[in-house]
Amino acid sequence: YLVSPAAYAALGAYMFLLILVGFPVNFLTLYVTLEHKKLRTPLNYILLNLAVADLFMVLGGFTTTMYTSMHGYFVLGRLGCNLEGFFATLGGEIALWSLVVLAIERWIVVRKPISNFRFTEDHAIMGLGFSWVMASTCAVPPLVGWLRYIPEGMQCSCGVDYYTRAEGFNTESFVLYMFTVHFLIPLSVIFFCYGRLLCAVKEAAAAQQESETTQRAEKEVSRMVVIMVIGYLVCWLPYASVAWWIFCNQGSEFGPIFMTLPAFFAKTSAIYNPLIYICMNKQFRHCMI
């Protein structure tokens, strides 16, 4: 044991709680949306994509971590580590790029930079494909030799190896690629879209260009997506910050808890998206009841 057995027991209990909550709420989101035709809108396709991403994390990552925490180390070998790291990375990245697509959709629908543009089912499907392709370009490289997945923190889950700088894995280039393409760029797009969106909402309200009902509906949807983005940042920014600090301070000593806490706090992202969707979408709640 790297830390006390009680810490592994607490970790296992925490993962069990995430599975107990994360699987039902994400499955419920998928089931209710697919069951009720009026919920099958282009925007909701992207929200369904978030639920699928969260289920990847729950089924492919959380169950594995709960099992390994009972043993005090990662007992599933190289293949198990690759699979767990892949599913966790893929799920987190699909969620991030889905939020990018949602931000662009909100900007186009509210800001109207393209006249007479409607966000249709085809656009939503393109957005889904885009999110999966971009997520794969982050999750697949460690499987084929550009960096690798290794047990991290308390050695109960696997993530990308950004701290050993082992020879032959081009650690520096992948970490710079990951932080630039899969963190800074998507967040910059999100902040740009919502910055422009806030300006558009204020201008429309001042000019009374649209009916009050339409404005209220667009504001509610935009507020829901903004809260999802804030939730993503709250969950993943500590992990990204610690990972970057470790990468930039090679040789510095840090304990297993230092890396474990932000990594497992980030996993709560599999719960908050469906809860936000359920709590802030009246139409969904009515269909669910």
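Including glycine, each Cβ sits where the backbone N, Cα and C put it.
What Swiss-Prot records for 1-7, 68-81, 145-173, 246-257 is topological domain 'Extracellular'. The transmembrane segment annotation in Swiss-Prot covers 8-32, 45-67, 82-104, 124-144, 174-195, 224-245, 258-279, and the record cites similarity to another entry as its basis. Under the heading topological domain 'Cytoplasmic', Swiss-Prot lists 33-44, 105-123, 196-223, 280-289. What Swiss-Prot records for C81-C158 is disulfide bond. Here Swiss-Prot flags K267 as N6-(retinylidene)lysine.
Cα-Cα distance from C158 (disulfide bond) to the residue listed as 'N6-(retinylidene)lysine': 13 Å (rounded to the nearest whole number). Fewer than three CB pairs closer than 8 A are found between the transmembrane segment (124-144) and the transmembrane segment (8-32), and contact between the two stretches is not assigned (pairs 6 or more residues apart).
Secondary structure from DSSP puts C81 (disulfide bond) in a helix. K267 (N6-(retinylidene)lysine): 24 other CB atoms within 10 A of its CB, across all protein chains. Taking each Cβ in turn and tallying the other Cβ atoms within 10 Å, the top scorer among the disulfide-bonded residues C81, C158 is C158. When each of 8-32, 45-67, 82-104 is scored by its Cβ pairs under 8 Å to the transmembrane segment (174-195), the top-ranked stretch turns out to be 82-104. For the residue listed as 'N6-(retinylidene)lysine' paired with C81 (disulfide bond), the C-alpha to C-alpha distance reads 17 Å. Note on the topological domain 'Cytoplasmic' (280-289): its mean pLDDT in the predicted model is 76.
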